[in-house]
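A.B. asks: Please see the structure below; I have some questions.
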Amino acid sequence: MKRFVYINDESYQNDYCDNQISNTKYTLWNFLPKNLWEQFRRFMNQYFLLIACLQLWSLITPVNPASTWGPLIVIFAVSATKEAWDDYNRYISDKQANEKKVWIVKNGARKHIRAQDIRVGNIVWIRENEEVPCDLVLTGTSEPQGICHVETAALDGEIDLKTRVIPTTCIGLDSEQLHKIKGVIECPIPDKDIRRFDANIRLFPPFIDNDICPLTINNTLLQSCYLRNTEWACGVAVYTGNETKLGMSRGVPEPKLTAMDAMIDKLTGAIFLFQLAVVVVLGSAGNVWKDTEARKQWYVKYDDDEPWYQILVIPLRFELLCSIMIPISIKVSLDFVKSMYAKFIDWDEEIYDQETDTPAHAANTAISEDLGQVEYILTDKTGTLTENKMIFRRCCIAGTLYGNESGDALKDIELLNAVADNSPHVIKFLTVMALCNTVIPIKSPSGTISYKAQSQDEDALVNAASNLHVVLVSKNGNNAEIHFNRRVIQYEILDILEFTSDRKRMSIVISDSQSGKIFLLSKGADEAILPLAYCGQQIKTFVDAVDKYAQLGLRTLCLGWRELSLEEYLEWSRLFKEANSALVDREWKVAEVCQKLEHTLDILGISAIEDRLQDGVPETIEILRQSGINFWMLTGDKQSTAIQIALLCNLISSEPKGQLLYINGKTEDEVARSLERVLLTMRITSSEPKFFAWSRS
């Protein structure tokens with residue numbers, strides 16, 4: 001299924017929904033039945049309702065029914081009021097978002113409208129620090145490089161700014177042209193995958209000659225993101241309202257039960273079963289006594305012709321007498337205590353962040369006590385346990401290790417001399433570091449250059465190359481410029497083979513503007529790059545370097561390149577363009593085409609980057625482990641690197657304090673056999689603590 005979005009064409013805008021969002025759970029018409037249904041899903045509430053209904057039968061109740069119905073109505077009213085208040089706050093939040101003023105283009109001019117009135121195909125303008133009101137395809141920015149920076153914390157929880165770029169077909173369009181462009185965007189139907197957007201854009205003449213340009217997620221601005229460090233940006237609305245990627249991922253909030261709630265429901269059920277047993281035994285005994293003894297007493301009068309339900313009276317009386325086993329006040333007490341838990345969290349000064357002036361806040365008052373029931377903590381490594389501030393420390397180029405003695409390759413005299421002497425291998429290595437990336441150089445009015453990078457690894461590599469005098473000066477559209485030893489070297493960027501988690505590498509095809517030669521530059525994980533070495537190249541030195549750096553807890557990348565013939569590139573470029581324009585299985589098709597080019601590489605070397613632990617991580621993990629919580633770290637690093645980091649942050653203990661068991665395998669059978677060996681080891685040696693290192697390729 002496809003969606004065709006016609007840019008600036010009002011005749012097609014009513015084909016899709018407007019931009020009104022709704023996150024409310026209830027309406028005025030369904031609130032009462034829906035809320036009661038949710039409350040009566042709990043067995044404890046069903047029990048209280050049963051007791052209250054039985055007390056309406058005057059023949060069996062020992063008390064006034066109001067003594068039960070009054071508290072019951074109050075309890076359910078309090079819960080319903082709380083739900084109504086939460087939903088009202090959601091309504092107010094939606095209303096503010098829907099009525100926020102935004103700029104769109106209409107009849108060639110910008111005008112203010114409400115965000116909820118945005119239609120698919122509208123061109124929307126956003127200013128710095130404004131929230132993106134719907135899913136847009138970026139068409140223009142205030143930056144000459146055609147980029148903008150967005151904060152996606154509300155979307156994916158990541159606080160680092162991400163770089164978004166305009167499609168190549170929109171490069172060079174000025175503000176006036178952006179008001180008048182016409183074209184069509186061919187994209188998938190709405191989905192919730194925030195990592196993928198496989199689409200195509202085609203602008204109509206006179207802006208371009210109907211050439212199809214592929215779009216990716218890097219060409220989009222998604223709803224709930226914020227524009228940062230960019231004066232303005234504009235884009236075409238492709239998904240609006242609850243059809244945005246964020247809207248598709250939002251579900252109706254379900255009522256959450258804590259472990260204590262579930263336990264109380266089970267206990268209520270168990271007590272109710274006990275009550276039934278009591279009712280059956282005592283009720284039967286009461287009926288037997290009534291029929292055999294009570295009728296003999298002169299002061300007790302029973303009708304000989306009793307109604308059929310008379311046999312239920314004595315058992316149900318016993319049920320009502322036993323109902324105090326489950327006091328109705330327990331629900332009120334629990335709700336009150338949970339509210340106090342949440343307030344204590346809000347007031348706790350120990351979890352107040354002074355740096356960001358952010359206090360703790362319990363967003364859900366119903367599940368606070370579950371914090372004390374945590375048994376497992378799963379965490380990633382980069383940016384959570386570590387600072388996500390990458391520092392270039394060591395490298396191995398053409399078999400020579402740099403930075404081993406000082407721990408800082410940038411201060412290694414031998415490397416500095418190699419750069420000064422124009423060592424071919426070193427210069428190629430630094431060129432790949434400077435160019436094989438998506439980094440954008442920004443030149444300040446004073447002339448200093450800073451870099452905007454989506455990946456901290458790329459930022460570390462580009463800055464390291466700059467410190468070694470291979471400076472990426474500009475990257476504008478398809479052109480890049482490097483300064484090296486007072487020489488200006490210009491390259492044309494022909495194609496970018498983007499990084500994916502499956503490929504574990506990225507490549508870039510460039511053309512030397514002076515010589516016209518075409519080169520493929522590649523970088524990635526050692527297992528993704530080293531097997532691509534040309535036949536006969538000795539890579540043992542690189543393998544040893546990777547292992548050595550991994551044991552030091554450093555992140556490693558392998559760099560390579562090769563020269564392409566013009567005929568080879570032209571044939572491959574045609575296939576790459578076709579794959580990049582596919583709307584179905586684009587990622588798989590692109591990966592297949594990339595493999596046709598990424599081979600017989602000249603492996604240049606290995607880079608090693610340090611990512612330091614955040615302050616307090618070892619102490620925090622130690623406390624969590626001592627409290628009986630199982631701690632798991634998930635990372636895409638090499639296993640030896642992960643183990644070293646785990647040792648540094650007290651996630652595991654070295655021998656003899658603990659034993660590290662490996663569970664490795666590339667297939668399901670290999671992993672199963674590895675698990676069997678580990679279980680056998682655990683049965684034999686059961687004294688010391690066990691730690692596990694999992695790896696599955």
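Every residue, even glycine, has its Cβ placed from backbone N, Cα and C.
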A.B. asks: Starting from the ATP binding annotation in TrEMBL that includes D380, K381, T382, F499, K523, R555, T635, G636, D637, which of E319, E458, E592, E676 is the extra site residue?
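C.D. replies: For ATP, TrEMBL names D380, K381, T382, F499, K523, R555, T635, G636, D637; of E319, E458, E592, E676, the listed one is E458.
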A.B. asks: If you measure C-alpha to C-alpha, which of F499, R555, G636 (binding-site residues) come within 10 angstroms of D380 (active site, 4-aspartylphosphate intermediate)?
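C.D. replies: For D380 (active site, 4-aspartylphosphate intermediate), the binding-site residues whose Cα atoms are within 10 Å come to G636.
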A.B. asks: Near the transmembrane segment (270-289), which same-chain residues lie under 8 Å Cβ to Cβ, leaving out any that are not at least 6 residues past its ends?
C.D. replies: 43, 47, 311, 314-316, 318-319, 322-323, 325-326
A.B. asks: Identify, in sequence order, the residues in the chain of R555 (ATP binding site) that are 6 or more apart from it along the sequence and have a CB within less than 8 Å of its CB; answer 'none' if there are none.
C.D. replies: M390, D457, A608, I609, E610, D611, D637, T641
A.B. asks: As a quick check of your reading of DSSP, tell me how many residues in the domain 'P-type ATPase N-terminal' (5-69) are helical, how many are strand and how many are coil.
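C.D. replies: Summed by class, the stretch gives 31 helix, 3 strand, 31 coil.
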A.B. asks: Going by DSSP, is R555 (ATP binding site) sitting in a helix, a strand, or coil?
C.D. replies: strand
A.B. asks: May I ask for the distance between T382 (Mg(2+) binding site) and F499 (ATP binding site), taken between their Cα atoms and rounded to an integer number of Å?
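C.D. replies: Rounded to a whole number, the Cα-Cα distance is 17 Å.
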